[in-house]
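Following: one structure in structure tokens, then a few remarks.
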Amino acid sequence: MKTTILGAGSFGTAIAFALSSNSTSVNLWGRNHTDMQSIAINRKNLKYLPTCKLPENIIVSSNIDEVLSDYSTCIILAVPTQQLRTLCLSIQDKQHIFEKTPLLICSKGIENISLKFPSEIVKEILPNNPAFILSGPSFAKEIAEDLPCTIVLAGENESLGTSIAQKISNKTFKIIYSQDILGVQIGAALKNIIAIACGIVTGKNLGNNAIATVITKGMEEIKTLYAAKNQNINLSTLIGPSCLGDLILTCTTAHSRNMSFGITIGQGADINKMLNNNSKIIEGVSTVKPLISLAKELNIELPICTSIYNLLYKNIPLEKTISDIL
């Protein structure tokens, strides 16, 4: 089996580690030539996973034509949601090379202008390729260190999805197939915003009871959006790895970028400076704007998510935000 990963950030690199154990080769592509040269020379992604050495069968490249021409079993799209459309458009004219190759999307969130989820963006631009979502509780560093995790591969084609899940799973990197591609993406999008709220509560030293309150209310908001987008709620999605599992992981440790961001806010940091100076993408920050627009369009209320939006972009005081989310 050959696999190709487009996106050499922390998660794309970690997935390369996971797939290297049962692939003859893994292509890891990134658009920045200098960064990819550094990874190739050092056999480490010094920017994101500096302590993890790449296995020899991971081939590092900044040449997208080269990696797409390698006829992979599947292509993994591992870029932030707000960059996903640009990536798909950049390979659209090469679709004849990888036509019908399954695309596994790791992006989490909602696109700013279109208010589309990642699978909807991919299906719009690359309609001939089966699209799946790969999501669940999975910190990149732990995947790269071969620590156990269980995540979900969601898509409409059950036979193909089940086959891919079996091929890319190994002893520590376990994949569960689900047909609920929408529910999985809703959980993935909202959990990052809820994690910011949990971080704020943690930064203010309000205790574990308060964190549990935010997680519980956050789960209800995931359910609210899910019901508004699809009346046939799948309970196994809500209580499975991609919703409840990912929510718990992201909301209970400072290893989560989103929770860490919230902790810093709770400790009194200047929010505008944080928004302008943060070098790493905080998915909850980039998701909350389109989410609130989508909620208005669907005529639903998401109190915690709205409170985080108002704090970040409407200058609502921190104490008022804490009161609202609790």
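Numbering starts at 1 and runs along the chain as it is shown here.
Heads up, the Cβ atoms here are built off N, Cα and C, so glycines get one too.
What you see is a predicted model, and the numbers here were worked out from it, not measured in a lab.
A helical conformation is recorded for Ser10 (NADPH binding site) in the three-state DSSP classification. Just so you know, the Cβ of Ser10 (NADPH binding site) picks up 21 other Cβ atoms within 10 Å once every protein chain is counted. Residues or ranges marked as NADPH binding site in Swiss-Prot (evidence: sequence analysis): Ser10, Phe11, Arg31, Lys108, Ala140, Arg257, Ile281, Glu283.
For Lys108, Gly136, Ser138, Lys191, Asp246, Ser256, Arg257, Asn258, the entry in Swiss-Prot reads sn-glycerol 3-phosphate binding site, with the evidence type sequence analysis. Under 8 Å, Cβ to Cβ, and six or more positions away along its own chain, Asp246 (sn-glycerol 3-phosphate binding site) finds Ser135, Gly136, Pro137, Gly187, Ala188, Lys191.
All chains included, 32 other C-beta atoms sit within 10 angstroms of the C-beta of Lys191 (sn-glycerol 3-phosphate binding site). Here Swiss-Prot flags Lys191 as active site, proton acceptor.
It is Ile281, among the binding-site residues Phe11, Arg257, Asn258, Ile281, Glu283, whose Cβ has the fewest other Cβ atoms within 10 Å in the structure shown. The binding-site residues considered are Arg31, Lys108; of these, Arg31 has the fewest other C-beta atoms within 10 angstroms of its C-beta.
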